[in-house]
């Protein structure tokens, strides 16, 4: 515990200069059930910060509040120094908070290329119904498609993709708008063993210059990728630190590994 | 591919022929859509030479309704907003134009004012209605129910407000004159008015095509496909839906003003529920989300209605109903889908023939 507290105070000292995301006392209750309970979290620029915890620990609820699809019951969220607690989800996305969903959310009826193009276009909204398309968005979609290395052809309809390709496309759509903060919710869940190495290689490449919040069940992957880890249990933070701290932490061993 | 290589081995000349064949096939394929479009426009242009006057009159009204159908397709086909009350805007435009012609005058200036007011005011009304409803985070199902209520209310207002609308008897409108205000003014009827409507529909189609191909229009498709994702990506979906509803309402209002110029008579059902569902059927039968489907569906169904109702005075609605169910069950993509399938079959057969020929050589 002392190591965890020490890391936290260290983090607090760095915070003022380059904190990208700062969460204070974030709480969400559904009726009498408290899903997220007074969570503090501060993520400096460029960090890959993982949120782990047993099922029902409140990880996805926390993500929903950061992305803006869920309003917190209490607490504040600051992004790049501004309070965004009351800012709408779409506005947060345009400001650079991007999210890849655990259950892929695609535009199933349009092509792979168009999925990416629509994601690239979302940042600068045009309300002129007669405007022409920006070729830059096409180019960014094409570039992302090359990086993603999906098996499907660019003109394949997204609904027809394999699960692995859908997963990649989901992440690609979150990345193509060049976000400042990427929320990655279980990027490897449901991906076949054979497709995993390629996806991981792509992921590690894609997120090097990014600030990332990661929810992931694969503990090895989390320990390998993360700069810091926050452990949630029943909505509360029970531990925080770098991967070595977390592995050594007894409470984590009990709560998390036990609940596995 | 293996077959191509063996052909090359046999004779260079033969591959030359084969490749030129495939190029011409590809060329034909590319121009296929253009050819179909040209055929359609050509048919509309030559129709007055073939069809009797009363059929041209029916067709004129069909073209106007087709514009209305396009406005509905923008909402339902592209954005996924189902409305049971779009005739409110069609009828709104019609009553505006009709009241102006009846109460103020029939000169060109009035007509142009009517066209403008009959477009802009329904458009603004649409913006307000959609803006209020969507900003309250209302779900699309409830939105649909409310549009249904609007249609019922609007029709009732048209019935009750008889000092302006002449109630259920309907409003007879004097013939309008077009031209240059204060210089030339002439009545526009019959075939010339038909050609005007052909031009207007074509222009309306091109504007709608431009809208759906624009970044704005693509955002509508994104909303239709997955609104949760569209919002997560940064699209202000409320604003997009409100705006397209306004544009669509304006377009419907404009079609309404033309309706009055064509029919010179308006009665309350024009802004009611039945008129609002008729247009949904036209769009559905023609093919949702294609724009051209709305045109095809409107013209063919209205033609069918008008011919069959003469032959089967009482049972035609029954026949129409059965035909509709069959179309929806067998061709969920509508008439446009049927054309697509036919073209694909044709292409396959042509490809087969092409390979047959090359193996003969």
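Every residue gets a Cβ built from N, Cα and C, even glycine.
Segment annotation: TrEMBL labels transmembrane segment over residues B:191-208 (candidates B:173-190, B:191-208, B:209-226). Of all ranges given (B:4-26, B:142-164), TrEMBL attaches the label transmembrane segment to B:142-164. A contact between the transmembrane segment (B:191-208) and the transmembrane segment (B:109-135) is absent, since fewer than 3 of their C-beta pairs, 6 or more residues apart, lie under 8 Å. Below 8 angstroms of C-beta separation, residues 61, 64-65, 67-68, 70-72, 74-75, 78-79, 81, 86-87, 89-98, 101, 111, 114-115, 118-127, 129-130, 173, 176, 188, 193, 197, 200, 204, 208, 211, 216, 220, 270 of the same chain, each at least six residues beyond the ends of the transmembrane segment (B:243-261), sit close to that stretch. With a threshold of 8 Å between CB atoms, the same-chain residues lying at least 6 positions outside the transmembrane segment (B:281-304) that come near it are 58-59, 61-63, 65-66, 68-70, 72-73, 76-78, 201, 205, 208-209, 212, 320, 323-324, 327-328, 333-337. Beyond the ends of the transmembrane segment (B:109-135), by six or more residues, the same chain brings 88-90, 92-94, 96-97, 100-101, 143, 146, 150, 176-178, 181-182, 238, 241-243, 245-254, 256-257, 260-261 to within a C-beta distance below 8 angstroms of the stretch.
By the count of Cβ pairs under 8 Å, the stretch nearest in packing to the transmembrane segment (B:63-89) among B:35-56, B:142-164, B:311-331 is B:142-164. Away from its own ends, the transmembrane segment (B:311-331) comes close to residues 281, 284-285, 301, 304-305, 337-338 of its chain (Cβ-Cβ under 8 Å, at least six residues beyond either end).
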